[in-house]
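Annotation source TrEMBL lists DNA-binding region at A:11-50. What TrEMBL records for A:74-174 is domain 'CoA-binding'. The annotation NAD(+) binding site is assigned in TrEMBL to A:G85, A:C86, A:G87, A:R88, A:I89, A:G90.
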There are 2 protein chains.
Amino acid sequence: MNKDIILRLTRYKRLLYKLKALGFERVFSNNLGDAIGVTPALVRKDFSTLNLPGNKRGGYNIDMLIERLDNLLGRDQPQHVIVVGCGRIGTALMQYSGFSTDGIEFVAGFDIRPEEVRPPSTIPVYGMDTLEDFIKEHHIKVGVIAVPDTEASKVLTQMVEAGIRGVLNFAPVELKCHNEECHSNCIIHNVNIALEIEHLFYQVNAKEAGEEEDGNCAD
Amino acid sequence: MNKDIILRLTRYKRLLYKLKALGFERVFSNNLGDAIGVTPALVRKDFSTLNLPGNKRGGYNIDMLIERLDNLLGRDQPQHVIVVGCGRIGTALMQYSGFSTDGIEFVAGFDIRPEEVRPPSTIPVYGMDTLEDFIKEHHIKVGVIAVPDTEASKVLTQMVEAGIRGVLNFAPVELKCHNEECHSNCIIHNVNIALEIEHLFYQVNAKEAGEEEDGNCAD
């Protein structure tokens, strides 16, 4: 399966859990399409590719969809995640209650000065010297990096060497696989918030410049 | 210019500022390419498309590149941003010091219970009833949404009606333009952290399943 379909399936699933919580039992492809921003035909094509039973007129049984999607996407057990770097962004993520409903569980934080991290919740915060042992002992596969940009690459190497296979990086630096031996096993997603905001400004400014050239057609 | 080239230019620029801070005066296309993960040839093509002077052997003058990129990307004045929803994620963003070096300035936060927001810094937090006036008076164009998913759509409408043209959405719900009249002017980027983590788990699990089928070729 390619990345696009996985992302759509993940979105369907999240939406289905919310609909189920609202008491829905069936759902139609056009509702799902509207909600996640694709055509109903694509929703039906995705479900038919995956042999999920249902059709345009009768709709789909939500419980059955959820069961099949959970199997496909591997949601049988809670997904344990660690956070390295417990500054503002790191602790905000650890405490973000939206995750628990998605089966994602933050099990520990790591910081160079764990004693200075304001106790955020019931999630323990340990020193960096225990990071590798923790990852190995608890078979942690996915971790979040929220350290300063100057530390990010070193932390990535430590994590991957201990067994981490997937990293979500919030440090404002593009992390990639430098070392073939060590990093070829690791998938890295970079979330650069400053870059996102700068990009928005550029798009907004470019759009406004275009509108001024076209004359005042709004309002 | 399409989105890909804008994103690359933004990345070049951020990197150039860092190199300048380190005392660099010139930079080569292969260094830039390595750092942002593209080929040196593409770096040179981007710069040549934009008439940026320099070449493969002599490299590029960093000050000149920064000046031209700042002009192109609109960095003459600080970019004012507001945050709506001052929970953990919202306040973490407001206090994130990485932004100031990018010319991005958070000027205010808004919350339904501003008096309960722990004073994060020198950035004021106001009640939601002042949101529209603030946006209009200060000509704010870009805002961050960090409210619960159930409130996100309503907040988006309020912001767009007051004049916001670009939104970075951290609420765990996909925001889009429902109302043609009101939203066609607004560019929305969704950052769904839970979705990113789920997607990572899926990729990691799929990769491990593939490796098991291939036999143990690692270590």
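Cβ coordinates come from backbone N, Cα and C, glycine included.
Here A:G90 (NAD(+) binding site) comes close to A:V83, A:V84, A:G109, A:D111, A:V144, A:A146, A:V147, A:F170: these same-chain residues lie at least six apart in sequence, with C-beta atoms under 8 angstroms from its C-beta. Each of the binding-site residues A:C86, A:I89 was scored by the other Cβ atoms within 10 Å of its Cβ; the lowest score goes to A:I89. Long-range Cβ neighbours of A:R88 (NAD(+) binding site) (same chain, at least 6 residues apart, Cβ-Cβ under 8 Å): none. The most crowded of the binding-site residues listed here (A:G85, A:G87) is A:G85, judged by how many other CB atoms sit within 10 Å of its own CB. Look at the DNA-binding region (A:11-50): DSSP puts its residues at 29 helix, 2 strand, 9 coil. Only residues 6 or more beyond the boundaries of the DNA-binding region (A:11-50), in the same chain, are considered here, and those with a CB under 8 A from a CB of the stretch are 5, 56, 58-63, 65-66, 68-70, 72-73, 75, 101-102. According to DSSP, the domain 'CoA-binding' (A:74-174) comprises 41 helix, 25 strand, 35 coil.
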